[in-house]
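Enquirer: Have a look at this one before I ask anything.
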Amino acid sequence: MRPVRTLAAAAVTVAAITVLARVAGFGRVVVFSDAVGDNCLGDVYNTANLVPNVLFEVVAGGMLAGALVPVLAGPLAAGTAEGRERASRTASAVLTWAVLALVLVAVLTAVLARPVADLLLQDKGTECPGALPLAVGMLYVFLPQVPLYGVAVVLGGALQAQRRFTASAVAPLASSLVVMAAYAVFAAALPGGTDLASAPLSSLPGGALAVLTWGTTLGVLAMALTHAPALRSQIRWRPALRPAPGDGAALRRLALAGLTILFAQQAVAVTAVALANDRAAGSVTQWGWAWTLFLLPYAVLAVPVATAVFPRLAAASGPRAPDLAALLASTARLVTLASAAGAAGLAAAALPIAAFFLLGDGSPGDPGDLATALVVFAPALLGYGLTALLVRTLYAVGRGRAAAVAATAGWLLVLGAAPLLVLALPPERVVTALALAHTLGLTLAGVLLVIAVRRACGVAALAGLPRAVLAGAVAALLAGGAGHGVASVLPLATTSQALVAGVVAGAVAGLLWLAVVALLDRRDVAALAGRFARVLPVRGARAPRAEGAQPDERDGSHEQDGSRR
């Protein structure tokens, strides 16, 4: 099987599973909006559940997610016993240190749970009586998630390095199903007639709250267990504190780059929650909906491709080698066009999506801030999609510092713009303000990463990208606008009407987008259509072994990096 075909097969497989996972994730958000809603309880829950995510990302997320694959991919691709031993020693050391560090961080945070919760809740502690003690109690239950995230990411990275992508594509699906079940049981455990919008937090039954909180942590446990096939792979796991000779320096360089990016990103996440908590009740929950909906096309259309190509980029013969340039150029165009299609769909369906969520929550159904935020968010998909690919590219060619500078600059712009935009816009537009800040910053990050990759890999590595950007952006503008216009004249008074309107608006946008892109960039559209038509019958996503490589254990597992937020 040709490498390009194998890459496309891997991307298609991961994308297909990711669609299921994101549908489940969307369902999880819908069930949450119905079972909990955008009220005091919803804001306290989301605020407390943010903490383990931020702790993991800041302490280890950047170090684990970006550093492990390029360090392991080369030795494993060699297919020798020495290469497997080297990879085993390094992966084991990373897992050992990750567990030790993350358990320590979780314990220290438990000691400081009350001041941490008080800091994040802002004025919510006075608006919602009982919010602080409830948040502290939730935080105690959520903190075991921190080391579980570490285990999931290390095992997933080891599978990725072996070009096995399914496990982490399935992981968010497993997590969402568990958490959805917890939300449903929580709602069923509430006394009949309970109105969460008006009920005091202190009056909620402890058993129902225990289901809500422990069910969420069990979802992260399910995510970690999904990566168990890594325990039966080429890598032999054992406790270790030292990586293989020479790998420590490479890990430190890439880890520092990843940590810098993730620190900036999580500073933005904390700031967004704090700014939203300072506004009306329900703002944090609506911001969570907006972010989740924004991540949906990103995770389905851009991340699977970037994930599948990452180990191939790491195994390429050099930053300016023809094999890397050809692979990266075609992949960058694919990611750009796919992200533009997602932007068109998000803008087109913004009104019915917002109405669907708000109606499901029992509100009058005015899409308002959430719909506007989704439209404002849409252009950011182009920059964020390229970020997923180009950060990995720079890691693969040993330019982690360039990746860190470009991506961090984008997140710092978000961090600076968000408070200013929140102050400039009316309080009821806080979600729109946060979305606009993200669009500005993520677009900047994408532009800076394109410049960095061109310097590192040469002009050939991004051949045809300007044409793809222009075609995708013009098509997204026209198609998204047309779909949004269609949605604005359709009835949105019930959830079923909102669902139908979303499907109609999305279909209009999709057809128009495809027509415009085919007109402006026919060569790429034809090439991509032909490539995926050839790989659709292919079952599985395992790449062919390198010459002389030993066969892997056939447990049918592959990998993708799932969104934890």
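Yeah, the Cβs are placed from backbone N, Cα and C, and that goes for glycine too.
Predicted, not measured: the structure shown is a model, and the values here were computed from it.
Straight from TrEMBL, here's the annotation block:
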COMPBIAS  551-565  compositional bias 'Basic and acidic residues'
REGION    542-565  region 'Disordered'
TRANSMEM  54-78  transmembrane segment
TRANSMEM  90-112  transmembrane segment
TRANSMEM  132-158  transmembrane segment
TRANSMEM  170-191  transmembrane segment
TRANSMEM  211-233  transmembrane segment
TRANSMEM  254-276  transmembrane segment
TRANSMEM  288-313  transmembrane segment
TRANSMEM  334-358  transmembrane segment
TRANSMEM  370-391  transmembrane segment
TRANSMEM  403-425  transmembrane segment
TRANSMEM  465-487  transmembrane segment
TRANSMEM  499-520  transmembrane segment
Enquirer: Against the transmembrane segment (211-233), which of these stretches has the most C-beta pairs under 8 Å: 90-112, 132-158, 254-276, 370-391, 465-487?
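Expert: The stretch I would name here is 132-158.
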Enquirer: Same chain, outside the transmembrane segment (170-191) by at least 6, Cβ under 8 Å from its Cβ: which residues?
Expert: 17-18, 20-22, 24-25, 27-28, 31-32, 34-36, 152, 156, 204-205, 207-209, 211-212, 214-216, 218-220, 222-227, 562-563
Enquirer: Does the chain bring the transmembrane segment (288-313) near the transmembrane segment (254-276), so that three or more CB pairs sit under 8 Å (pairs 6 or more apart in sequence)?
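Expert: No; fewer than 3 Cβ pairs under 8 Å.
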Enquirer: As a test: from 132-158, 403-425, 465-487, pick the stretch that has the greatest number of Cβ pairs under 8 Å with the transmembrane segment (254-276).
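Expert: Ranking 132-158, 403-425, 465-487 by Cβ pairs under 8 Å to the transmembrane segment (254-276) puts 403-425 first.
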Enquirer: Answer yes if the transmembrane segment (499-520) and the transmembrane segment (334-358) have at least three CB pairs under 8 Å among residue pairs 6 or more apart in sequence, and no otherwise.
Expert: yes
Enquirer: Between the transmembrane segment (465-487) and the stretches 334-358, 370-391, 403-425, work out which stretch tops the count of Cβ pairs under 8 Å.
Expert: 334-358
Enquirer: Which residues of the chain, 6 or more past the ends of the transmembrane segment (370-391), have a CB below 8 A from one of its CBs?
Expert: 66, 261, 286, 289-290, 293-294, 297-298, 301-303, 305-306, 309, 331-332, 335-336, 338-340, 342-344, 346-347, 349-351, 353-355, 357-358, 403, 406-407, 410, 429, 431-432, 434-436, 438-439, 442-447, 449-450, 452-453, 469, 472-473, 476, 480, 484
